[in-house]
Amino acid sequence: MLNPIVRKFQYGQHTVTLETGMMARQATAAVMVSMDDTAVFVTVVGQKKAKPGQDFFPLTVNYQERTYAAGRIPGSFFRREGRPSEGETLIARLIDRPVRPLFPEGFVNEVQVIATVVSVNPQVNPDIVAMIGASAALSLSGIPFNGPIGAARVGYINDQYVLNPTQDELKESKLDLVVAGTEAAVLMVESEAELLSEDTMLGAVVFGHEQQQVVIQAINDLVKEAGKPRWDWQPEAVNDALNARVAALAESRLSDAYRITDKQERYAQVDVIKSETIDQLTAEDDTLDANELGEILHAIEKNVVRSRVLAGEPRIDGREKDMIRGLDVRTGVLPRTHGSALFTRGETQALVTATLGTARDAQVLDELMGERTDSFLFHYNFPPYSVGETGMVGSPKRREIGHGRLAKRGVLAVMPDMDKFPYTVRVVSEITESNGSSSMASVCGASLALMDAGVPIKAAVAGIAMGLVKEGDNYVVLSDILGDEDHLGDMDFKVAGSREGISALQMDIKIEGITKEIMQVALNQAKGARLHILGVMEQAINAPRGDISEFAPRIHTIKISTDKIKDVIGKGGSVIRALTEETGTTIEIEDDGTVKIAATDGEKAKYAIRRIEEITAEIEVGRIYNGKVTRIVDFGAFVAIGGGKEGLVHISQIADKRVEKVTDYLQMGQEVPVKVLEVDRQGRVRLSIKEATEQTQPAAAPEAPTSEQGE
């Protein structure tokens, strides 16, 4: 019989329910977590045995949103969910990052976590619910896992921290921060902010970690009642004798190799040392496993780099702990793009472009939480040549999506409002060289490219990656880390922002025991580095260019009466389509009567504005217009007087004498002056050629609404 075990607890303004034992009983563990009608079903399956020769931990986290959760049917051709969206990929990474470091060293059994959103309240984002579910399922499973973790979203509204704000509250918040950690320590932070101070950001991290203890307590209570027996897994015994043999052959040579400052030369030398050491040892004893020897060599590498940093010696490339690598900043490097920049920091380089488009180019995202339009796009590409390798080139991988989102968060706070700058903006960062912190190089390059494109960003932004090496109470915070320092260190801490404050903060911690004091040191050191980089960037370009590129579309804005919108659009869009083709422009009309005309040629834009003004102009009784004969009938002629408006000249109003046959006086296409006699209630217009020719008044153009240009 089904025997569900349930735990409920209050979490800020929400009630959270954990339920297990009801569904997916063949999985290693399964939990249904709900938070005010948003429910996520999370399963964990772990293999009892590792695959032979497995030398890494194969953890897979899948996060999937089902449209039935929001009471909808998918809009795709096949009417079913397809490959993961960008949002789903980002949440899968959000779950993966804090749980991965909590599996023990040497555990290489395959583990898969699947989180499925099965019900959604539009006010409660499922990401925090999914993280809590993954933590609970892993803790229940008996798999070696040093959890549980808690997860919290922190907002900042009216100078107050808000725990797990609703979607409506987030719109008012200056901060959107997700923090995850164990009972003792913070493990992961992901955030975007409206240029907040270091102290405010750190306060949010501490607040979120304190508040999530209730989650950890609830999961521990559930595990006591429903947890499976802990696996009898033990790490392989350390072979001290073999470790000593490998160290005797390789340690001093690896120490020398890590004094080579050039990345490619260093890697080549390290590969030679490893290869020669493994060959020598396997020749002496053919029972030795090359993979095991490789792991021992990697541990020696890690120890060499870390011990030198902790001893206060220069880093791998000869820098001191707070030194930034050499910077090279260039703008306007590509002639036909709307904005471009080449940002180089040491052996990390990003070629970044900014492209301007119209509102029609904005991305419409059909998400579970509702449809939204994104007018700022940021794409990050990491080709294999950037690290001197060959590899597959194609659709973006999880890492590229994650790095692109982080870089976008770094720039978002300084982007202009749509009403001031009505363009869709796409930034693309091509990583041409990489040796640490390419996402932060993308932030710097994006700021430069946007200024080069004439986008009126509120301030320049720069990003920096910090690292940490910690042994016991001894620690060193490193500025502008290399790829090796990221890989061999204990923390990856990325901060982006302007001179005024922080716009994005991402933190991934691989060890427990990172204190508030260490985070404070890292944030303050990052601020110094950020200000240094901004100073160099400002020497290349210190303000947005006064005008956008000649190759970018210029958007002109005019306002028409809302009851005239139908006239400009026409039946089935016929008028606006014809206008677009005739003028060579892009025309967009909003519900409030705002008309945006985009054109790369100013004359085309002026022509389009004139045509719209003609269409929307009111016909004035008693006024004379230049018209064109469009139809001839027995009782008169129809004459177009501009703006798609047509009136009837009765046969009696053609001349000041009796007219027997209309075609004796008028021909199709003939231009004639006409006077407006009357516009009846149905909008029908009576015209007179006779009265127009009697008057000496010159022909008039329709009166036009005022226009304003938004560039």
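Every residue gets a Cβ built from N, Cα and C, even glycine.
According to Swiss-Prot:
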- Asp486, Asp492: Mg(2+) binding site (BINDING)
- 553-612: domain 'KH' (DOMAIN)
- 622-690: domain 'S1 motif' (DOMAIN)
- 689-711: region 'Disordered' (REGION)
- 694-711: compositional bias 'Low complexity' (COMPBIAS)
In the three-state scheme derived from DSSP, which category covers Asp486 (Mg(2+) binding site)?
helix
Model confidence over the domain 'KH' (553-612), as mean pLDDT, sits at 86
Counts by DSSP class (helix H/G/I, strand E/B, coil) across the domain 'S1 motif' (622-690)
8 helix, 33 strand, 28 coil
Students should find that the Cβ of Asp492 (Mg(2+) binding site) has, within 10 Å, a number of other Cβ atoms equal to 21
